[in-house]
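The block underneath contains the structure these notes are about, expressed in structure tokens.
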Amino acid sequence: MNPLVFTMIMSTVMLGTAIVATSSHWLMAWIGFEMNMLAVIPILMKKYNPRSMEASTKYFLTQATASMLLMLAVTMNLVYSGQWSITKPLNPTASTIMTLAMAMKLGLSPFHFWVPEVTQGISLPSGLILLTWQKLAPMSILYQISPPINLDLLMMLINLSIAIGGWGGLNQTQLRKIMAYSSIAHMGWMTAILTYNPTMTLLNLMIYILLTTTTFMMFMLSSTTTTLSLSHTWNKMPLLTTAILLTMLSLGGLPPLSGFMPKWMIIQELTKNNSVIMPTTMAVMALLNLYFYMRLTYSTSLTMFPSTNNMKMKWQFNYTKSTTHLSPLIILSTLILPLSPMLALLE
């Protein structure tokens, strides 16, 4: 893709998200969503092949349906209340439809089917944008409408997302699909705390984006897309492979890594609000995510895939790509748990 065209497209993607996050008028928010969606489709089709075409078509249809539901909710709210302001509480029916529209845009279950398929059909850089930046705009709308959201509907979306995010990743060998199912589960965790402590939702979102960005950048550096190719990287790039596995365990929420902190804070906040069954169920279902990351770590680091190579470890590395920019990301992805007492300043 021409660098000038790519710069224009990326600027439009960022501008669309910024419009959604900063607008106080529902029509402007809808325009921001449409700008973002139409600009991100060429990024998904950057590598022109049938799989990316199929993935971008699925993404377009899903996002267009969600935008239609958004306009339905806004129009219904306009009929009942006569106002377009995002800051004013929505009508209960409009709030429910809006929640479903944002759930479809985020990929929350039962609207999750597009996420693994689209992520698998596109390149790693496009997948990184899809699973990180594209979550900001819908999450900002949910953040703004969070007080009057239907709690029963929200609990159903949360439980289904965390369960599907765990079950779906169990039988996968494609790393992009594993990351997609992990994204579904993380979106469930973020939504769980939305009505109790929206600030913690933003903290969880930032840590999720940090971990996912680090993981995808290491996948790009090692050209790894499957569990088999990941198992073959340890004798070429042992340090990078170790960092990949540690970051993935952090994504699964294994203490004492960084990914454990948001789960710990969310469970603590839910129990403070006299909710015991919900965090217990979420913690048990999160073990599914941790299991497939542990299994991936075990198969990569402690077992040997069949190989014709007699000498397993190379004595000379010819790896020339710079990894300097990864150092701060890897440190933040694995070692920020000791900083958690500083979160008391947010309260």
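Numbers here mean position along the shown chain, with the first residue as 1.
Heads up, the Cβ atoms here are built off N, Cα and C, so glycines get one too.
Proximity of distant same-chain residues to the transmembrane segment (1-21), defined by a Cβ-Cβ separation under 8 Å and at least 6 residues beyond the stretch ends, is recorded for 28-29, 31-40, 42-43, 46, 129, 133, 136-137, 140-141. Taken from Swiss-Prot, the feature transmembrane segment applies to 1-21 (among others), supported by sequence analysis.
Residues annotated as transmembrane segment in Swiss-Prot, with sequence analysis given as evidence: 25-45 (among others).
Residues or ranges marked as transmembrane segment by Swiss-Prot on the basis of sequence analysis: 59-79 (among others). Here the transmembrane segment (59-79) has Cβ contacts under 8 Å with residues 26-27, 29-30, 33-34, 37, 40-41, 44, 90-91, 93-95, 97-98, 100-102, 104-105, 111, 114, 118, 130 of the same chain, all six or more residues outside its ends.
For 111-131 (among others), the entry in Swiss-Prot reads transmembrane segment.
The annotation transmembrane segment is assigned in Swiss-Prot to 149-169 (among others) on the grounds of sequence analysis.
Sequence-distant contacts of the transmembrane segment (178-198) (same chain, six or more residues past either end, CB-CB distance under 8 Å): 106-109, 112, 115-116, 118-120, 127, 131, 135, 139, 142-143, 146-147, 149, 151, 154, 157-162, 164-166, 168-169, 172, 204-205, 208, 212, 215-216, 251-252, 262-263, 266, 269-270, 273, 278, 282, 285-286, 289, 292, 296. According to Swiss-Prot, the transmembrane segment annotation covers 178-198 (among others).
Per Swiss-Prot, transmembrane segment is recorded for 201-221 (among others), and the stated evidence type is sequence analysis.
Annotation source Swiss-Prot lists transmembrane segment at 237-257 (among others).
Look at Swiss-Prot and you will find 274-294 (among others) tagged as transmembrane segment.
Tertiary neighbourhood of the transmembrane segment (326-346): same-chain residues 199, 203, 207, 210-211, 213-215, 217-218, 221, 243, 246-247, 250, 255-261, 264-265, selected by CB-CB distance under 8 Å and a gap of 6+ residues from either end. What Swiss-Prot lists as transmembrane segment is 326-346 (among others), and the listing cites sequence analysis.
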Same-chain Cβ contacts of the transmembrane segment (25-45) under 8 Å, 6 or more residues past its ends?
1, 9-10, 12-13, 15-19, 52-53, 55-56, 59-60, 63-64, 67, 70-71, 74, 77, 84-86, 105, 118, 122, 126, 129-130, 134, 137, 141
Below 8 Å between Cβ atoms, which of the listed ranges 149-169, 201-221, 237-257 makes the most pairs with the transmembrane segment (274-294)?
149-169
Contact between the transmembrane segment (111-131) and the transmembrane segment (149-169) is defined here as three or more C-beta pairs under 8 Å separated by at least 6 residues; is that satisfied?
yes
Would you kindly list the residues that approach the transmembrane segment (111-131) from elsewhere in its chain, counting only those six or more residues past its ends and only Cβ-Cβ distances under 8 Å?
13, 40, 43-44, 46-47, 51-52, 54-56, 58-59, 62, 100, 103-104, 161, 164-165, 168, 174, 176-177, 179-181, 183-184, 212-213, 216-217, 219-220, 225
